[in-house]
Amino acid sequence: MFPSNLREIVEATYEKAVANGHVKFTESSSKKLKDVDAGISYQVTFAPSLQSKPERLPIAIDENGAPIPKKDPFAEPEPELTILDDCAGDYKLLLNKYPVAANHLILVTKKYLLQTAPLSPKDLLTTYKLLQELDDEDEMLRHLAFYNCGPNSGSSQDHKHLQILPLPYKFVPYQDKLCSGKEHFIPNAKTEPLQDAKIPFAHYAVPLPEDPEKVDEDLLAMTFVSLLQRTLSMFQDWEGSNAEKSNDDEASIPAYNVLMTKEWLCLVPRSKAFAETPSIGFNATGYAGLVLVKWDETLKVLNENPSAVTKLLLECSFPSTAGAKPTEYHY
């Protein structure tokens, strides 16, 4: 499906694009923190130069009050950023033009589809196969794929795309520990997805088969749909108890993050993209423990109290349902 030397192609294209100025690498510094109570390890990356870069551009309006379509950066991607112009037939594989981590990839649909659409079986399998090709277990190089679905998920572009980036060396997302040693299963009314009871925000995880030969479109699709049904039930519960708050267009669109490694698939329902005090925005990477900070005052708060990271993640998501008895309503 992909060139056998894909990782080498990515690295060479990235290095050339940085050298020629087509990729604008964001300088940053990183520090590891741990919320002992929740058992979550965080890597907090401080990138103050991003203060001037908006998370998501507001909708522009013309003189008649009609919305002006935003430019689609994926419609005609720069050749210097293109890894594969034809990836599995329906996609292009590109470099992120403004990465904080080296070799940050974007898997974008050739056809214009909306970022509010769920992942298709082919989206899932293509992503899994890319993770297979990019990971190097001998060198402890692992990758995280993620999808920010909906305005409150932390998405910044409306053209459907997934992203893939290398995990920091020896970094262990909480999903690793949650899924370690467990067999794959399809969640249902009798068997809930895995959640860590110590973590206060809802996160629905399922281990994937250890044998990659057992991972196909059907297995990934059934797993994803089951997790999605459980995730969407959170919004039904929330809208029922917050009817007066449901008039906001963006708030009424279900938003969630999808996170995937070769070992597991995880969905996190999202209530909003930004926490206000201190100021910080999260996309899917935050819910793997990779947190990006732009402001000194935010960094100071997190350094002084790592549990503040977990509280901010909860503010932008929903409370955990660990231990709650599932019903047919949730599936």
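Using N, Cα and C of the backbone, Cβ positions are placed for all residues, glycine too.
Just so it is clear, the model here is predicted, and its values are computed rather than measured.
Among the features that Swiss-Prot reports, substrate binding site is placed at LYS53, ASN96, LYS97, ASN148, GLY154, SER155, SER156, GLN157, GLN163, ASN283, ALA284, THR285, LEU290, LYS294.
Under the three-state DSSP scheme, HIS161 (active site, nucleophile) falls in the strand class. HIS161 (active site, nucleophile): 23 other CB atoms within 10 A of its CB, across all protein chains. According to Swiss-Prot, the active site, nucleophile annotation covers HIS161.
Taken residue by residue with DSSP, ALA284 (substrate binding site) is part of a helix.
DSSP gives SER156 (substrate binding site) a coil state; it is part of no helix or strand.
Ranking the binding-site residues SER156, GLN163 by the number of CB atoms within 10 A of their own CB puts GLN163 at the top.
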